[in-house]
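Remarks on the structure that follows.
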Amino acid sequence: AGGIAEMAELGPEVRKTTDKLDSVGNTTAAIAKGFAIGSAALTALALFTAFAEEIAKNPKLTGLLVDGHLVVNLTEPGVIIGIFLGATLPFLVCAFTMEAVGKAAFEMIEEVRRQFREIPGIMEGTGRPDYAKCVDISTKAAIREMMLPGVFAVGAPLIVGFLLGAKALAGFLAGVTASGVLLAIFSPS
């Protein structure tokens, strides 16, 4: 809000009000991020607990239990592979997401340039831009570009579980939980 007020060359009284609004917005965003991180961490732990309970129900996998608790030897190669694969998945999804944002931004830039070229009067404020087209580009790009990260997030645990087994999947879930929570905490936005 403050930046818009400054670009519009509004008076200092307006800027004073928008600075307060910016401050409230930034505080709200920081609090919401904390809640999002906390809920994601609890959800990941709940999924890991559900995995452990399913192990307990499966007679073929009860060898992973000691006194009713899931126990995994961290020195086993399959478990180590699972941990490393799990620790890399949040970074892979993050990379795909950043690439998706970049592609969507370039599509938006091309559309805005096209509108400046083809719609007379936009720069002077007499012509009306096609806002709906920009919203349409954003929506379609978001859906299209986020499919691959979604497939990785859903498919990776299945692939690890079926190809490497339950012990590797336990390591995978531990790795993805630890690195995912840390990535969420230390990512700037």
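Glycine is treated like the rest: Cβ placed from N, Cα and C.
The site 'Determinant of potassium dependence' annotation in Swiss-Prot covers Ala29, and the record cites similarity to another entry as its basis. In the three-state DSSP scheme, Ala29 (site 'Determinant of potassium dependence') falls into the helix class.
The transmembrane segment annotation in Swiss-Prot covers 31-51 (among others) and is backed by sequence analysis.
The feature transmembrane segment is assigned by Swiss-Prot to 78-98 (among others), with sequence analysis given as support.
If you look up Swiss-Prot, you'll see 146-166 (among others) marked as transmembrane segment. Remote same-chain partners of the transmembrane segment (146-166), defined as residues 6 or more beyond its termini with a Cβ less than 8 Å from a stretch Cβ, comprise 55, 61, 64, 78, 81-82, 85-86, 89, 92-93, 96-97, 100, 172-173, 176.
The feature transmembrane segment is assigned by Swiss-Prot to 168-188 (among others), with sequence analysis given as support. If one looks beyond the transmembrane segment (168-188) by at least 6 residues along the same chain, the residues whose Cβ comes under 8 Å of a Cβ in the stretch are 36-37, 40-41, 44-45, 47-48, 51-52, 55, 64, 70, 72, 74, 78-91, 94, 156-157, 160-161.
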Inset, instruction - Might you list, by sequence position, any residue in that chain lying six or more from Ala29 (site 'Determinant of potassium dependence') with a Cβ less than 8 Å away from its Cβ? - result: none
